[in-house]
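> Quick paste of what TrEMBL says about this protein:
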TRANSMEM  20-39  transmembrane segment
DOMAIN    27-308  domain 'ABC transmembrane type-1'
TRANSMEM  59-75  transmembrane segment
TRANSMEM  141-161  transmembrane segment
TRANSMEM  167-187  transmembrane segment
TRANSMEM  262-284  transmembrane segment
DOMAIN    342-576  domain 'ABC transporter'
Amino acid sequence: MKFLSRKDILLLKRTLSYTISYRVKLFFTLVTVLMRIVFDIVQPLMWGKMIATLFEKDYNSVLISILIIFVLNISQSSIELIKSYLFTSLNSNITYNIKHDIYKKILNLPVKAFDEMRTGDFLSRLEGDAISIANIISNHFLIGFVDILKVIAIGITIFSINIPLSVIIICSFPISFIIFIKFGNILRKKNKEAAQLRDNYYSNIQQSIQGIREIKSLGIKDYSYKLFSTTSNKLKDSTINLNFTSVLSSTLARAMNYLSEAAVMAFGIFLISKGSLSIEYFIAFSSYSHNFSLALMNITKLNSSIQSTMTSLERSFEIIDDMLYSSEKFGCREVKEINGNIKLENVCFKYRDNKKVLNMINFEIKPNKKIAIVGSNGSGKTTIFNLLLRLYDYDSGRILIDDIDIQDFNEQSLRNHISVVLQEPFLFNMSIKDNLSIANLKANEEELINACRSVYIHDFIMSLPEGYDTIIGENGVTLSGGQKQRLAIARALVKKSKIILLDEATSSLDNESQLYLKKTIDEISKKHTVIIIAHKFSSINNVDEIIVIDEGEVVGQDSHKKLISNSKVYRHLYENEFKEFKNVKEVI
Ligand SMILES: Nc1ncnc2c1ncn2[C@@H]1O[C@H](COP(=O)(O)OP(=O)(O)OP(=O)(O)O)[C@@H](O)[C@H]1O
């Protein structure tokens, strides 16, 4: 047998803290609950009284009783309506708050968390688990509290009517208690399994939607459908199994209740025949005994119900309370303006406990310079960007911007001064104007247009029917790769970032786009420090300097001319690209 552990109780306390902001609503909910209990006690007495007066042929009293029962029923329904509204409102508000807390934490999680967890895991916690927590409060705590009050109130009433009959009802309690304790552990385990299957299910859907182009072009729709069927089938079976187990435990406990209710009936009729119990009280008692054993059963079930939802609690609070990953930490220095000088001193970094990805990286980039980083695949170029953006924290060394350690910058300062433009930039499913101004809500129309002119995309935007108000589809599907990159650079300009990091698109750009991008980089580097991860040598012939990375180390920093004669690695990379180009020409 397993009861709630200390950790579980702490989690439940944390859950209860969500009701604090709704204490007025909670108070009125409890008032309606108390009123409902009063009705539950008065009504059976009225029925008993009515039937007793019917036997006595006192029709006036029968009519009065019917009227009272009618008024009671109407009042009870009205109270029930208010109670339902309050319950739903409490439940929805708490779910809303929990979801907010989870979402806020997700935004503050380090990027490492997203490397290790799947998007579906987050969705599953945000959707499935948050709702379960709110259910714990309304369905378990509140209804549990109601049942305790019911047991006390009805218990006092039935014991005052007849003690032996009341003892018979109570006899079923220990057995149903054992049933629920046993099932509680099983349900907790089954719930954990269901939560994992729900994670898989959400991850699978998210991957399929995100990778729909690959699924279609690879011709693997059947495979994707099969994967979906398998995960959703497993989730369906697990949900059916979970619900069946839950209903089975209630049914077994109910069977015990029916047994005690039958015993009450038999013994009650025996007492009536002996003249030691009136019909009026017997009728009232029968109704009480049903309500009483139902409430008693719910109390005994409380442990197993809570056990079964503990998994959701654990999973949600793992995120909310930073138990899986601590939130990102930034310095508190607000740096308003920077010149754009970047210095890396002895920087070492590894992603996990594997080999070093960057080893003793040292270089300096002066303000308003245009620098290219080159190196073979996996040499660590993107990782340098990741560290500059503080998406990951380096293990040793220092990164300085204008001689200030980037760990001292507060989040806003760092994010404002550095922008990154990825190979496939993410554009939001909204107008071009909104996509630009999302980075700086204070920017006026002129600033947006100037930014677009600098990246040579203004004329293209104006050629669109809706101009700057044109909605671009999710991920900017209506734009070409080059247009997306230029728009993303314009966004960085609107943001007024002094440092722009650009991961050049490898092969997706046509010649015209490449030319525009080159012109864009020339233009923006007059006022910004620009670092480009270059995948093609053709695009770096007019940069100020080139940094060569090899297996996580800087093996050269100079102009193209000097590197060609001094750096073996650079020469090798250059010749390789030239060789590939020649091979392609030969094939053509
Ligand atoms: N999130 C990550 N978790 C673990 N290892 C990673 C992660 N990102 C990159 N790596 C590893 O770090 C190394 C450097 O990767 P990085 O992306 O910085 O290389 P790159 O030079 O930008 O490569 P490419 O030219 O192919 O884009 C690689 O071995 C890669 O497998």
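Glycine residues also receive a Cβ, built from the backbone N, Cα and C atoms like all the rest.
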> Same-chain Cβ contacts of the transmembrane segment (141-161) under 8 Å, 6 or more residues past its ends?
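Result: 16, 29-30, 33-34, 36-37, 40-41, 87, 90, 169, 281, 284-285, 288-289, 291-292, 295-296, 298-299, 302.
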> The transmembrane segment (262-284): which same-chain residues, six or more beyond its ends, come within Cβ distance under 8 Å?
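For the transmembrane segment (262-284), the list is 44-45, 47-49, 51-52, 55, 161-162, 164-165, 168-169.
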> Quick one: mean pLDDT on the domain 'ABC transporter' (342-576)?
87
